[in-house]
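Down below is the structure, laid out as structure tokens.
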Amino acid sequence: MDGFLMERASRGQRALAGCLAIAILAALILTAPQATAALPAVAPFLPMCGLTVFTTAAIASFLLAAQFQVSRLPVFGLLAGAYAFTALTVAMQLLTFPGLFSPRGLFGAFPTTSGWIWAIWHMGFPSLVLIAMISRRLFVSQSVTQMLPAGRALWLFVGLPLAVGVLLCVTVLAVQLPPALAPATAPGDFSAQGVGVVLLVVNLVALGAVLAIGRLRTVLDLWMAVAVLACVTDTVLSLMSTVRFSLGWYLARLFSMSAPGLLVCVLVWEVSRVYRELTRAHLRLIEYSNRDALTGIFNRRYFNDRFPQDFEQARRSGHPLSLLMVDVDYFKRYNDQYGHPVGDECLEHVALAIMRATHRPADIVARYGGEEFVIVLPETDADGAYFVATRVTESVRALARPAPGPQGVVTVSVGSATHVPRQGDAGDTPERLIALADEALYTAKRLGRDRVHVSEGVAPAADGEGGAAEHVPHANLHA
């Protein structure tokens, strides 16, 4: 499983990434001539920017590490290390920056320490991205992690960049170095900035590797290209405007925030999309698991889960609840005469006929087992249940499917039972109501089939008493 970041990028994603890339390049081109123009000083801007980069880089590292745990692809582990390296170095830059936490910076920092840590950040991140892209080219499968457990491999991919970052930061804290970046003599002239030229080259090589190896095919390739482009722009503008609170300096800090921020937004969006798809798939799976494979109506499992809930709802509301048990008459003979494939087809048509006889959304029709069906009728008294049961027998008979038996066509027998909370305790449990309906069904079959029989437990109000009630469909009355 490669993870959602290795899915092919959609047309919409390509369009959005393209627009962002054009906006980044346009900002660079328009800003470059006035990069050194002084703007009002906003002292909290730098710590705000650094805190944003630290937070988003740490989140990106965590999410990429999670992707590595799922996919076992080295590229995700190495990119997690790259963003962890960014989080470490930007935190150290803030802590050692003069005037933020102390006049000279913490840890006994020299005046040039924070500048060198910035250079380490902007050298290390693209270098690690370059290594990640090369690893993707060399190890297209999970072969590297097969030599090492995933947990240890992740510690290696993330821990090693962090260890290198700590070592480099300790070095520049211990040794007083000249300024990492010298002011440019002219816009776009970096000849006096040896370190700056190296930074620019490494960033451009990393961008080229992302484009050449990934070719913008996957979600990861597409958005890593935009993130590295933002990093390149950040580096260029920083080299062009080394003085704080200039136009280029402000814009460079904005792009430094976008490099990890863009990927975090993409990761969170894709995780949300996958979650939505999983939710829909889960709901479809639940729906499939509740449906009978042959007839498409609800199955016995769904009935067993749902019926106690409907029964309890009827008990709380005081409304009657009716249950119909339906059985296809002489179905064993039908199978023996016509064969099981035709018998299955017959059950499908019977299920459709029963569905046509029930119209309310709250009514539940389920296959109870074999040729037996069950109908749950909430808020339906015994008279209403008898009316529906009669409609079921007529609907099935209207199929006019030839069958062995007295009628010469497929017919059904129906047993009806009703639970009325305010009328004693007959059928006062779901199991009792099922037993009453089942008993009524077998009475209907014993009395000649193709008829409706109402349970002795609860009789229709029209009868005026609780004795047994047998109802023969109107078609039979005129036979």
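Placed from the backbone N, Cα and C atoms, the Cβ positions cover glycine too.
The domain 'GGDEF' annotation in TrEMBL covers 319-457. Residues or ranges marked as region 'Disordered' by TrEMBL: 459-479. Annotation comment: TrEMBL describes 45-66, 73-95, 115-134, 154-175, 195-213, 220-241, 247-269 as transmembrane segment.
The recorded stretches the transmembrane segment (154-175) and the transmembrane segment (73-95) share 3+ CB pairs below 8 A when only pairs 6 or more apart in sequence are counted, and are therefore in contact. Counting only same-chain residues 6+ beyond the ends of the transmembrane segment (220-241), those with a CB under 8 A from a CB of the stretch are 5-6, 9, 13-14, 17, 20-21, 24-25, 27-28, 31-32, 35-36, 75, 79, 118, 122, 125-126, 129, 181, 184, 187-188, 190, 193, 196, 199-200, 203-204, 206-207, 210-211, 213-214, 247-249, 251-253, 255-256, 258-260, 262-263, 266.
The transmembrane segment (45-66) and the transmembrane segment (247-269) are in contact, since at least 3 Cβ pairs between them lie under 8 Å (pairs 6 or more apart in sequence). Counting only same-chain residues 6+ beyond the ends of the transmembrane segment (195-213), those with a CB under 8 A from a CB of the stretch are 119, 122-123, 126-127, 129-130, 133-134, 136-137, 180-182, 221, 224-225, 228-229, 231-232, 235-236, 239. Counting residues 6+ beyond its ends, the transmembrane segment (115-134) has Cβ neighbours under 8 Å at 74-75, 78-79, 81-83, 85-86, 89-90, 92-93, 96, 161, 164-165, 168-169, 172, 177, 179-181, 195, 198-199, 202-203, 205-207, 209-210, 213-214, 224, 228, 231, 234-235, 238, 259 in the same chain. DSSP places the residues of the domain 'GGDEF' (319-457) in helix, strand and coil in these numbers: 59 helix, 34 strand, 46 coil.
Model confidence over the domain 'GGDEF' (319-457) stands at 92, taken as the mean pLDDT rounded to a whole number.
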